[in-house]
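Student: Dropping the structure in here first, questions after.
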Amino acid sequence: MQVWKRCEMKIFANNLRLFWQGTVLSYVALFAWFRPVTYAASKVLMPLAQIIFFTYLGSYATGKDSVDFYVIGNAIQITAVSGIFGVTFSISGDRWNGTLPYLFGTPANRMMMFFGRAFMHIIDGALGVVIALTWGALLFGVDFSQTNLSALGLTILVTTISTCGLGLLMGCLSLITANVMFVNNTVYFLLLIFSGANVALDTLPPWMQTFSQVLPLTRGIASARTLISGGSFAEVAPLLISEIGIGLLYGWLGYLLFKWFEIQAKRNGSLETV
Amino acid sequence: MKFKNLIVYWRTVLMVAEITLRHQWNDSFILFAIIVQPMIIAILALFMLRGLGGDYAMYVVVGSGLTGLWSSLLFISGNSINNERREGTLESLVAVPTPFEVIVFGKNLANVVQSLISMSSSYLLAALFFGYTLKMVSPLLFVGSVLISIFAFISFGLVIAPLFIIYRGIQQWQNAMEFPVYILAGFLFPIALLPAWTTPVSYVLPPYWAARALHETSTGAGDVEKVIFAWGMMLLFSVIDLFLASKLFKYMLYKARVDASLETV
């Protein structure tokens, strides 16, 4: 019994180490060539510019009272920069840099390897949302005085995790298509419409509303708006449960695709060519 | 860049433009920049601005088309020299007797002209899927505005491309430069909404004058004098941009030769 437990602990420790190493190394590999200024341009100024553009565009039509709607929607949607682009590049990077055969040649736990790719982007994405909301408060006067900040923090974390779930699925698609930039950019911009970041969902045609409900971000944005306008955690809890469920489902689908890709690539001898 | 070169080398300009178009047509990122992204922005703006009344649809069509034009100029024309370097053709292009800026002019011509698809696709989207009846108020002036805008965008692109090569630090801001021009040039909302201190910045951007001319001629918001003034500003900035481009190209090539870094600049 003791030996069995020690063995289990060792496997657990090894998996944890693998998860952490995969997390750190994939993130460093993605951003190593970046200078802080490039990071600032992508993570601070680009989100700011997006928020300003859509907030002015929206308030041009509906007046200044609606500023909060656009600032919060776009600030939360910013998590997709890390969730979609960051996670996808972390996975597809192994293909483009020729390290995929080595990864698939190891006996390492695939689940740890796969989900480890998203971990740093969850932290990074959540930080991006905090920066974006800070811009919203400083430039557009978004008021957080009525906000349950810990619930908002949880909302940001949950939404980032669910968006990274979609990113994991997109990352696997990048293993089977060369048009990864096209797919990523298209998904990112479609989220601007379907997540309700810029258009109230009840004003969209029914088929678009239905589609919105199967996407990450939709409930996270609704939850953040409710909390910032003074809503309680109990009001948003069902939204957050659905949001994390959707994210985990996408992540799981991504993992299945990742496994399928490995089996097919080994069977067809197409690991480097698919 | 000398105007004379454009006349002397007009065949080269057209040939480069044709090859660039053929080359780029298979690039999915370019399809995204000139068709998908402007259409998504158009859909968003059509939903967001529908409370403004009937005329806004044409405003959105032109504005979203302009976003495609700017994104294409920033990402495709801005990287045009870098791409030649990556493909190993930069040395040959610099070595041929044709001035290098003439070749880049041809590439920019192709990029800007193909970006006009973004306006057409937004037009079709608004008309077919949203059911708007779109009426061009001053078609002749609009065509004139499009032609002058093309020239202004190409000239602006000739400044951006060498700048990205000489000062790599600027290129690092490329992703962050897309939305600010959408905002400052008034593509989809008037710059009067912005703080007053941003207005002079808008005035020195050729895309702002292009947006003014195209919006005013398509929706009939401005009189002929205003349109002519916008044309004049675009031509003025084009001359300034071509002058700056000639200096920048000379400096870029000189530096590359001195440092022996043509392939690594």
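Just so it is clear, glycine is given a Cβ too, placed from its N, Cα and C backbone atoms.
Annotations for this protein, taken from TrEMBL, read as follows:
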type	residues	note
DOMAIN	B:25-252	domain 'ABC transmembrane type-2'
TRANSMEM	B:29-50	transmembrane segment
TRANSMEM	B:56-76	transmembrane segment
TRANSMEM	B:116-134	transmembrane segment
TRANSMEM	B:140-167	transmembrane segment
TRANSMEM	B:179-198	transmembrane segment
TRANSMEM	B:228-249	transmembrane segment
Student: Between B:29-50, B:56-76, B:116-134, B:179-198, who has the most Cβ pairs under 8 Å to the transmembrane segment (B:140-167)?
Tutor: B:56-76
Student: Are there residues at least 6 beyond the ends of the transmembrane segment (B:56-76) whose Cβ is under 8 Å from a Cβ of it, and what are they?
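Tutor: The answer is 24, 29-30, 33-35, 37-39, 41-42, 45-46, 49-50, 108, 111-112, 114-120, 122-123, 126, 130, 132, 134-136, 149, 153, 156-157, 160, 174, 177-178, 181-182, 185, 187-188, 207, 210-211, 214-215, 218-219.
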Student: When you scan the chain for residues with a C-beta under 8 Å from the transmembrane segment (B:179-198), skipping those not six or more beyond its ends, what do you find?
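Tutor: Result: 41, 45, 49, 59-60, 63-64, 66-67, 70, 74, 205, 207-208, 210-212, 215.
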